[in-house]
């Protein structure tokens, strides 16, 4: 009995000592495939860092955004590492809510991060979040339907060509829609697409003095073109289609073309998930010859909130998850095609990756074609390609998204939607103190 | 009969739970009231402070506000009509002796076991989807154009989904009432020559009136706060076509982080809910006093 008590006592004492020594960090992340894979591979990290324990909070994108935003804004301190996007980073860094990532290690090679992505995650030259995967948007199209229509997709198509091709590919009797585009309201849904598209039409959200620009002809052209194109060649119920809905439509062979995130390429070319895997071609997002293409730029990234007491451990983890070593780890376990894309130049120079991912070059070209610091034809006071990096944008973007989605559904006219958008934007900017 | 002592003891023993319930209700309500007079946007903490009634004015002048009130009322009234009338009919139907009655009853009440977001997802993607929903297949089979439910008729679509979820509840309560009707009364009426419709109007319906009241009151409370079905299917759109009051408050609080305006919206929602409850109690609640 005595011996047992003694052993138990010793055991609990050593457990306590270990607990005091080990540090546990809480990581909030999104439930996308790449992040779920990261969780499975963390043994590699914990083996090398036995004194750090990892707690995961994995959430659906919208819920994650609500939780981490609430946590950081109210200084809740629940998370030591947060998964955030290019929208949040510049705003949060300016509020001093994030720690600059300057201890990522000697072999981290921050210069290898694709410049456009690094630019979107830096403020005053300092990196405030490390990209886990990056994306732009491009055209995914059915090579067989294109051929049947007697057309050839150029590497860099214009919007007129897209319209012409969509008209010819549409075959409603056989359930084929010429083009599938986002219509579901939300700043990260239809407005991501429409804002990027509007850049190529010469439109902008605000002029240099933050005056909303929805009353300008460029926006009218953008929205009218989009609504006409979707009415003629888009799928039924397009106003409720977001990324996932369009992905399902394309995978089932119901879309001739789909302009959306480059990460979708690995899903549409996966024979297990896509009926048209062997028939997909890729092209840059369309333009109008004005010098800007209609593609966006996004990176899901890992950041360390300023409130954490475990900054060192958190940064160690961020360094591991976004390193070259991690890419090699994924490649060795799951194949090169599954390595998180869009963050490091070295990945695109890798012959094995190029072979495994036929969309690699077009992805890189698309990312490089986006410039978050000069997103529009005319000058603007904001940063961000498919968003405006100000705190008011996620509310305003969603409101405008609702109005444009109503125009697509035919519940209001293009002119009405634009007028209401102008009113909503003017009210929001006045309330935020940007204009009087 | 309770003595003075036992009554005092009962009060004393109930006091903690009463206090707890009060605190449970008062604290959130007080905080909501407090925030409704503050300019508080956690994302842009520069303008914090007391702003009087401007949050109420902003919420009130929001172009979505009137539409959301209208949508809330349309949703509550339509679902109540469908579930009460449908519930009575279904209760009458499954009260009839028939083969496999148990299975039919389970099938009828089964939608009630499905969580609202799951139900909404199933309806959205498998039933009402204009490309690969069952309704679209049926429409195409008859050579008709599939209906774009969530784009063209968003409120109708949501009403159908919510009514589908609440119909079992109404049916169940009404069936219980129906079964408590004395068989001898029915027989007597039948022997007096009353037809099915007369028996229903003069005997069955009055007997069910208390149950109908319960259904209306309970459902009204829940229907005023429908939210998940809208979030999953239409996100309040297109435009504001399917935004109800709870969804508008959610939008203000968690999409725009305008806590002040959302709180003002919450207070307005509480006031409106009380007005509706007041009229509902006046109109139908009398039945409960009998």
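Every residue, even glycine, has its Cβ placed from backbone N, Cα and C.
Residues annotated as transmembrane segment in TrEMBL: B:12-35 (among others).
Taken from TrEMBL, the feature transmembrane segment covers B:69-94 (among others).
Positions annotated as domain 'ABC transmembrane type-1' by TrEMBL: B:69-280.
Outside the transmembrane segment (B:106-123), and at least 6 residues removed from its termini, the chain residues within Cβ reach (under 8 Å) are 90, 94, 157, 160-161, 164-169, 171-172, 228-229, 231-233. What TrEMBL lists as transmembrane segment is B:106-123 (among others).
Nonlocal intrachain contacts for the transmembrane segment (B:155-178), taken as residues 6+ away from its ends with a CB within less than 8 angstroms of a stretch CB, comprise 71, 74-75, 78-79, 82-84, 86-88, 90-92, 94-95, 105, 108-112, 114, 116, 119-120, 123, 128, 149, 204, 207-208, 210-212, 214-215, 218-219, 222-223, 226, 229-230, 233-234, 241-242. TrEMBL lists B:155-178 (among others) with the feature transmembrane segment.
Nonlocal intrachain contacts for the transmembrane segment (B:208-228), taken as residues 6+ away from its ends with a CB within less than 8 angstroms of a stretch CB, comprise 72, 75-76, 79-80, 83-84, 87-88, 116-117, 120, 158, 162, 166, 169-170, 173-174, 176-178, 244-247, 250, 269, 273, 276-277, 280-281, 284-285, 287-288, 290. Annotation source TrEMBL lists transmembrane segment at B:208-228 (among others).
The transmembrane segment annotation in TrEMBL covers B:259-281 (among others). Only residues 6 or more beyond the boundaries of the transmembrane segment (B:259-281), in the same chain, are considered here, and those with a CB under 8 A from a CB of the stretch are 29, 31-42, 51, 55-56, 58-60, 62, 69, 72, 76, 216-217, 220-221, 224, 245-246, 248-250, 252-253.
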**Item:** Outside the transmembrane segment (B:69-94), six or more residues from its ends: residues with CB under 8 Å to it
**Value:** 101, 104-105, 108, 155, 158-159, 162-163, 166-167, 169-171, 173-175, 177-178, 200, 204-205, 208, 212, 215-216, 219-220, 223-224, 226, 240-246, 272, 276
